[in-house]
Amino acid sequence: MSLHSPGQAFRAALAKENPLQIVGAINANHALLAQRAGYQAIYLSGGGVAAGSLGLPDLGISTLDDVLTDIRRITDVCPLPLLVDADIGFGSSAFNVARTVKSIAKAGAAALHIEDQVGAKRCGHRPNKAIVSKEEMVDRIRAAVDARTDPNFVIMARTDALAVEGLEAALDRAQAYVDAGADMLFPEAITELSMYRRFADVAQVPILANITEFGATPLFTTDELRSAHVAMALYPLSAFRAMNRAAEKVYTVLRQEGTQKNVIDIMQTRNELYESINYYQFEEKLDALYRNKKS
């Protein structure tokens, strides 16, 4: 296996930065913006695919193909290692999970997380979640680990058990998931910093903290997370939320005032856009090709 596989790049980033900040990229353009800002890893949110690409809620409606489309668009242009939200594995059988792992890895992702919610899943920070048995989730993880062909591809287990069964049961699940082969752990909707320390002590694998806005988890700083032995800080939809609010403002002002003059200051300039997508390099290449064609 190549030493430069996406999975190895993700693990290398994790080794260099503590905690590793992983930002959500709703599309390929945002992936490039994250790269320019200096991030070492990016994330594709299942809720982001549903809301951003499909205009639908995060209730298990998106398909594997929906996710693969967005993965390919990102990995085609951005070299940063990509962590992907694989929900419950896009199907109820081990074969579904295996197909999901193989497909996501083939599309160029570095890592995925798979969760222990039931098929009719909900956003991890909403009420009335339901989870499968510990044994069923262990089977999902085993199927995922068995399906990968690159040992560096990261299989991360997410558990939503805290809100459903309590901390001790969630810790018990965490240990079982690691024993089943999970490389890293994503305890969802954590409410206290000390809980992360418990997961880190029990699991003895890298722990991810989902620092999403307007949810159950406080907006802990990287210093606070580091003190709690958190290895990864995830910001799944921060830029997406800001983008949506900016779009709402522009649409409203343009409709009400008949001009965009009063919102120009919040817009990315033409030159800034071109620089972020390497427009000028493409243009220079095009000019060179036409010069060669004429000569």
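Keep in mind that glycine also has a Cβ here, set from the backbone N, Cα and C atoms.
Taken from Swiss-Prot, the feature substrate binding site covers SER45, GLY46, GLY47, CYS123, GLY124, ARG158, GLU188, ASN210, ILE211, THR212, ARG241, ARG270. Summarising the annotation, Swiss-Prot assigns Mg(2+) binding site to ASP85, ASP87.
Features as recorded by Swiss-Prot, highlighted on the structure.
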{"residue": "SER45", "record": "substrate binding site", "Cβ neighbours (10 Å)": "25"}
{"residue": "GLY47", "record": "substrate binding site", "Cβ neighbours (10 Å)": "22"}
{"residue": "ASP85", "record": "Mg(2+) binding site", "Cβ neighbours (10 Å)": "26"}
{"residue": "ASP87", "record": "Mg(2+) binding site", "Cβ neighbours (10 Å)": "25"}
{"residue": "GLU188", "record": "substrate binding site", "Cβ neighbours (10 Å)": "26"}
{"residue": "ILE211", "record": "substrate binding site", "Cβ neighbours (10 Å)": "25"}
{"residue": "ARG241", "record": "substrate binding site", "Cβ neighbours (10 Å)": "15"}
Pull out the binding-site residues from the set SER45, GLY47, GLU188, ILE211, ARG241 whose C-alpha sits within 10 Å of the C-alpha of ASP85 (Mg(2+) binding site). SER45, GLY47
Cα-to-Cα gap, ILE211 (substrate binding site) vs ASP87 (Mg(2+) binding site), nearest whole Å: 18
Whole-number Å value for how far ASP87 (Mg(2+) binding site) lies from GLY47 (substrate binding site) (Cα to Cα): 10
Write down the Cα-Cα distance for ASP87 (Mg(2+) binding site) and ARG241 (substrate binding site), rounded and given in Å. 21
For ASP87 (Mg(2+) binding site) and GLU188 (substrate binding site), determine the Cα separation and express it in whole Å. 13
